[in-house]
Amino acid sequence: MIVISGLILSGFNAYIYPVPEQAQFIFFLSGVIVLGIPHGGADLLVAGQHSRNTNHIFSKAKFNLLYLGNIFLFLLVMIWFPLTGLVLFLLLAAYHFGETDLQCLNIQTLPGDIFIFVYGLLILAVILLPDFHHVCEGLAMLHPDSGTVQILTWMTDNSTAILGGILAIFICSGTLFFAYHQHLLKRHWLQLILLVILIAIVYELPLMLSFSFYFVIWHSLISLKKITVYLSAEEPIHPIFLVKEIFKNSIIALLGVAVLGWAAFAFLDHNDLVLYTILGLAVLTAPHMKVMHQMYRQLNTP
C-alpha cells in the first residue's frame, strides 16, 4: 500500500503537477512531527522488552541516563565537528535503514551485514545525489573551508558517476549474497521487488519529497509495525498504552528538537531550517538506532 501511494505521488509530481517547494516543506515538517519522531517514541518499551527477553534487570533510570548521555555526546560532536558528525550519522543511518528494510532476510553474517549497509547507502544516495547541488549548499555552511568546498564541488560534478558506482556495488554485493542464500531469494522475492520499486520512487522524487516519503512514510510506518510485533510477541500490547507512551516521549523529543533548533540559530548563525531539523534528528536518533539494532538482532535470533 505504501509503495502504491509512492507510485501515485511520483506520477503526480512528474506528469500532472510538480509539488511546490512550500508544500514539500510542510509535508516534511508535519511528517517529522506526526510520524518521524514518534516512531522512536517506543524506545523505552523496546529496551525493556529486550532486557526481559535476555533475562536482564531493566532500570528505567539507567536507560534514560545512558540515552540522554548518548544524545549529549553526539550533540557535542555535531557542535564541534558538524560535518564529521553528519557523515558519521549518515553511515549509521545507512546500516539502520538496511537493517529495517531487509529484516525479513534474517541476516546474521558478515556478508549479510555488508549487503545491509550497501543497501542503506544506496537509499541515501538516491535521495541525496540527484539534487546534490542543494545538499552541497547546506554542507558547505557547516564547514566552509576551501578543502571541503572542493570535495563537495567534485561530488556535485560527479554525482551521477558516484550514484552509478554505489549501484554497481549494491548489485555485486546482492548477487554474491543471494548466490549463497538462494532460499532467501525464493522466499522473499516479492518483498525484494517492492524494495526495488521503492528505490525507483525515491530516485524520481525531488530531494525534500524523496526524504519525506522514505523517512516519514516508509521507514517510520515499517518501524512502528515491527516494534508492535516485537512488543506483542509474548502477550498483545494494548494500543492505547502504546500510543500514550509514544505520545509522551515524542513531546519530550519535540522539545529537544526545538532547543537544538534555537541553539543552531543562536550560536551557529546559519539559517537553513531543513538542514538543522535533520541535524537535530541526527542527534536524537543516534541512541534510537542502537535500541532498534538490538531489537532486530533479537528478532533474527532463532
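Positions of Cβ are set from backbone N, Cα and C atoms, glycine also.
What TrEMBL lists as transmembrane segment is 24-46 (among others).
Residues annotated as transmembrane segment in TrEMBL: 67-94 (among others).
Positions annotated as transmembrane segment by TrEMBL: 114-132 (among others). For the transmembrane segment (114-132), the list of distant contacts is 90, 93-99, 101-102, 107, 155-156, 159-160, 162-163, 166-167, 169-170, 173-174, 177, 195, 199, 202-203, 206-207, 210-211, 214: same-chain residues at least six beyond its ends, Cβ to Cβ under 8 Å.
According to TrEMBL, the feature transmembrane segment maps to 161-180 (among others).
Residues annotated as transmembrane segment in TrEMBL: 192-217 (among others). Away from its own ends, the transmembrane segment (192-217) comes close to residues 2-3, 5-7, 9-10, 13-14, 18-19, 21, 24-25, 27-28, 31-32, 34-36, 101-102, 119, 122-123, 126-128, 130-131, 134-135, 185, 274 of its chain (Cβ-Cβ under 8 Å, at least six residues beyond either end).
Annotation source TrEMBL lists transmembrane segment at 246-267 (among others).
What TrEMBL records for 273-289 (among others) is transmembrane segment.
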Intrachain neighbours beyond the transmembrane segment (161-180), with Cβ under 8 angstroms and 6 or more residues off its ends: 111-112, 114-115, 118-119, 121-122, 125-126, 129-130, 155
